[in-house]
Amino acid sequence: MPLISSTDMLQRAREGRYAVAAFNVHTLEMLQAVTEAAAETQSPLIIQSTVGTVKHLGPDYLAAAATVAANRTGLPIALHLDHCTDFNLIVKCIRAGYTSVMIDASMHPFEENAARTSKVMEVAAAAGVNVEAELGKVGGVEDDIVVDDRDALLADPDECEAFMARTGVHTLAPAIGTAHGIYKGTPNIDFKRIAAIAERVAAPLVLHGGSGIPAEQVKLAVSLGMAKMNIATELRIAFSDAIKQVFASRPDENDPRTYMIPAKQAVKQLAIEKMQLCGCIGKAAQLR
Ligand SMILES: [Zn+2]
């Protein structure tokens with residue numbers, strides 16, 4: 001099965017009141033680990049990369065690896081570009097084979113955000129690619145995008161409705177109190193706001209900053225309309241910690257195949273836990 005657009009996948013998730021887990025990967029082993037997690041649990045999967053990772057590995061390498069994942073497993077898998085502010089890079093990724101892109105123009109006023117999103121919608125429509133946009137500002141650090149907590153603005157439900165009418169974007173990431181990175185305390189998620197946005201927006205909603213949100217809060221957010229949950233930081237911590245453990249006990253280890261095995265296993269295990277939390281386990285069959 002080739003890579004697919006995430007539009008249908010996420011619409012079904014929203015209708016079915018579950019979320020698809022979207023994992024930021026940085027290496028081939030991380031990509032393999034989340035794919036194995038999806039295969040073992042028969043879950044739909046979104047593999048995503050930040051702009052930094054696209055620049056680090058190359059969109060063609062990432063698209064080729066994700067294509068192999070989809071072909072080998074026969075699972076519904078989408079390859080998504082996370083938080084991109086650069087129109088040209090979005091086009092480059094679509095040409096390389098990405099089936100979903102996020103245009104993050106949330107730092108601009110409403111009109112400018114809508115105009116930039118609409119421009120991406122035009123090129124994506126021709127390629128059958130899903131588009132995600134953001135309203136409000138998600139706090140924290142995501143690669144080279146840094147949003148101070150005091151600057152993190154929550155999305156306004158009426159503006160969300162107007163934004164959808166204006167752009168027709170497939171998926172919307174409204175800022176609702178989550179942040180990128182690991183939370184210092186309990187995240188202050190505005191569930192009433194999620195409900196108000198979901199009432200006005202029929203499209204799948206995207207939960208950013210999914211690392212470390214308590215299980216019951218994730219479940220509540222998903223039940224209210226969040227149909228995609230992004231997990232980045234937690235995954236790379238699991239990957240790196242497993243490697244650190246190998247070197248702590250065997251400082252002379254020099255075979256990447258050896259220390260990548262526990263790292264891959266740690267990512268796979270965590271990915272399965274997140275899929276359970278999202279409720280997407282076993283949902284691959286309906287998308288085939
Ligand atoms: Zn994000």
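Note: Cβ is positioned from N, Cα and C throughout, glycine not excepted.
As annotated by TrEMBL, active site, proton donor applies to Asp82. Sequence-distant neighbours of Asp82 (active site, proton donor): residues of the same chain at least 6 apart with a C-beta under 8 Å from its C-beta are Asn24, Gln48, Ser49, Thr50, Val51, Met102, Glu142, Asn230, Ala232.
What TrEMBL records for His83, His180, His208 is Zn(2+) 1 binding site. Using a 10 Å Cβ-Cβ cutoff, His180 (Zn(2+) 1 binding site) registers 23 neighbours.
Counting Cβ atoms from all protein chains shown, Glu134 (Zn(2+) 2 binding site) has 24 others lying within 10 Å of its own Cβ. The Zn(2+) 2 binding site annotation in TrEMBL covers Asp104, Glu134.
Annotation source TrEMBL lists dihydroxyacetone phosphate binding site at Gly181, Gly209, Gly210, Ser211, Asn230, Ile231, Ala232, Thr233. In the shown protein chains, 28 other C-beta atoms lie within 10 A of the C-beta of Asn230 (dihydroxyacetone phosphate binding site).
Reported as a whole number, the C-alpha separation between Gly210 (dihydroxyacetone phosphate binding site) and Asp104 (Zn(2+) 2 binding site) equals 17 Å. In sequence order, His180, Gly181, Ile182, Ser211, Gly212 make up the list of same-chain residues 6 or more apart from Thr233 (dihydroxyacetone phosphate binding site) whose Cβ falls under 8 Å from its Cβ. Among the binding-site residues Asp104, Glu134, Gly181, His208, Ile231, Ala232, the ones whose Cβ sits under 6 Å from an atom of ligand 1 are, in sequence order, His208. The Cβ of Ile231 (dihydroxyacetone phosphate binding site) has Ala21, Ala22, Phe23, Asn24, Gly210, Ser211, Ala271, Lys274 as same-chain neighbours under 8 Å, each 6 or more residues away in sequence. Rounded to a whole number, the distance between the Cα atoms of Asp104 (Zn(2+) 2 binding site) and His208 (Zn(2+) 1 binding site) is 12 Å.
DSSP assigns Ile231 (dihydroxyacetone phosphate binding site) to a strand segment in the three-state reduction.
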